[in-house]
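Enquirer: Sharing a structure below in structure tokens format, with a few things to ask.
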């Protein structure tokens, strides 16, 4: 009987500890940070997107580029080529916005009488 009481007490203690350890509400996940910048420029046609690393959460402010193959690298935001890549990617994103890419169907819709069903 003493063994059962020890197990129950231990489980209650673990439950109380777990309740205080597990955070409540939303958990803030820091954004990726740049530890170093690439020394060579990556060809612009391989880059598909970018995101900024925050200076408030990272030691260095940087631009994280993603390539077509999913590889990521950091660029120095002070470099001219990094600023140009960001500007060009922003322009591409603007062109690809849903409002600009609305497609209209031209011509009449054809209906085939053989496909209709009657009840």
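The backbone N, Cα and C atoms fix where each Cβ goes, and this holds for glycine too.
Below are the features listed in Swiss-Prot for this protein:
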| type | residues | note |
| --- | --- | --- |
| DISULFID | 33-58 | disulfide bond |
| DISULFID | 34-74 | disulfide bond |
| CARBOHYD | 115 | N-linked glycosylation site |
| SIGNAL | 1-26 | signal peptide |
Enquirer: Looking only at 34, 58, the disulfide-bonded residues on record, which one has the least crowded Cβ, with the fewest other Cβ atoms within 10 Å?
Expert: 58
Enquirer: Whole-number answer please: how many Å between the C-alpha atoms of residue 34 (disulfide bond) and residue 58 (disulfide bond)?
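Expert: Approximately 7 Å lies between the Cα of residue 34 (disulfide bond) and that of residue 58 (disulfide bond).
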Enquirer: Can you give me the Cα-Cα distance between residue 58 (disulfide bond) and residue 74 (disulfide bond) in Å, rounded to a whole number?
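Expert: Counting only the Cα atoms, the answer is 13 Å.
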Enquirer: How long is the line from the C-alpha of residue 33 (disulfide bond) to the C-alpha of residue 74 (disulfide bond), rounded to the nearest angstrom?
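Expert: Their Cα atoms are separated by 9 Å.
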Enquirer: So which one is it: of the disulfide-bonded residues 33, 74, which has the fewest other Cβ atoms within 10 Å?
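Expert: Checked 33, 74; of these disulfide-bonded residues, fewest Cβ neighbours within 10 Å: 33.
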Enquirer: Helix, strand or coil: which one is residue 33 (disulfide bond) in, per DSSP?
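Expert: Residue 33 (disulfide bond) sits in coil per DSSP, no helix or strand.
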